[in-house]
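Accompanying notes for the structure given below.
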Amino acid sequence: MARSKRKSVEQRRKLIAQYNSRQREGETPNTAAKRRESNRVGMKRHRAQESEETTEKRRASNRVGMKRHRAQESEETTEKRRASNRVGMKRHRAQESEETTEKRRASSRVGMKRHRAQESEETTEKRRASNRVGMKRHRAQESEESTAKRRAADKSHKKRHRAQESEESTAKRRAADKSHKKRHRAQESAATTAKRRAADKSHKKRHRAQESAATTAKRRAADKSHKKRHRAQESAATTAKRQALNRVGMKRQREQETAETTAKRRKTARTIMNRCRRKKQSEEATIDKQSHRFYRDFQQQLRWCH
């Protein structure tokens, strides 16, 4: 009974689709636009009247149908559908108000959070891998101007997001970042490590060349403070390891440097040493002056006493 009913429903849908297809063959673009607008109005009115239970059933049925339909379509059709969706979405979002945009984004965040909370670990891994591939492909195709805009928007978003987070969230995020970085670097090849370090150096150099004198002073002070705190917490074994690594790194660096770089380094070292020596001499001279002044006053007081 249920089977025959389902069969008759399928037949009816097929007949309706054939009728609609035949009807649409002869219509003009203007008539098609009118029909679509009329359909949208009718659908909107119809959905406004339906109960919550009916809405849920309809959405579930739509999801099943869409899943079945997409499983049957060819790769070419999939690409066309996605391209069409992107164009439609872009046009639709260009027309919406700021309030609607905010509502949509908030709703998307809630839906995404709920959806991700329900997915399995395997699905999460697949989604992340797919996202990485898609992002890589997308960034390879974008122009320099788009790249600059995206990076500026990312910075702005990160800054705003971090300004709003609590201390607890900040601590959790930093711990997660450290863990991720450690895991990621443990998996990378020697060639990738060398490339990453070279890119980091280049970025640091460019960034420091653009910063102001005040920012440089602040950064150096913060670095000193961080280094001091970090070293105060490390064990004797870690200190020994760090010093040994520093010696090895310094030796390797000096082997690779040119005569000109060596001369510059030595000159800088002499400048720093002379500055420290002058500072020490100035401090000693100040102490001597203070001692001499104290002795002179003491002698004066003795003479007055006699």
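The count begins at 1 with the first shown residue.
Just so you know, glycine gets a Cβ as well, placed from its N, Cα and C.
Automated prediction, rather than curation, is the source of TrEMBL annotations.
Copied over from TrEMBL, here are the features:
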type: REGION; residues: 1-290; note: region 'Disordered'
type: COMPBIAS; residues: 48-59; note: compositional bias 'Basic and acidic residues'
type: COMPBIAS; residues: 71-82; note: compositional bias 'Basic and acidic residues'
type: COMPBIAS; residues: 94-105; note: compositional bias 'Basic and acidic residues'
type: COMPBIAS; residues: 117-128; note: compositional bias 'Basic and acidic residues'
type: COMPBIAS; residues: 140-155; note: compositional bias 'Basic and acidic residues'
type: COMPBIAS; residues: 163-178; note: compositional bias 'Basic and acidic residues'
type: COMPBIAS; residues: 194-208; note: compositional bias 'Basic residues'
type: COMPBIAS; residues: 217-231; note: compositional bias 'Basic residues'
type: COMPBIAS; residues: 264-280; note: compositional bias 'Basic residues'
type: COMPBIAS; residues: 281-290; note: compositional bias 'Basic and acidic residues'
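With DSSP classes pooled into helix, strand and coil, the tally for the compositional bias 'Basic and acidic residues' (281-290) is 10 helix, 0 strand, 0 coil. Here the compositional bias 'Basic and acidic residues' (163-178) has, by DSSP, the following mix of helix, strand and coil residues: 14 helix, 0 strand, 2 coil. Mapped onto DSSP classes, the compositional bias 'Basic residues' (217-231) shows 15 helix, 0 strand, 0 coil.
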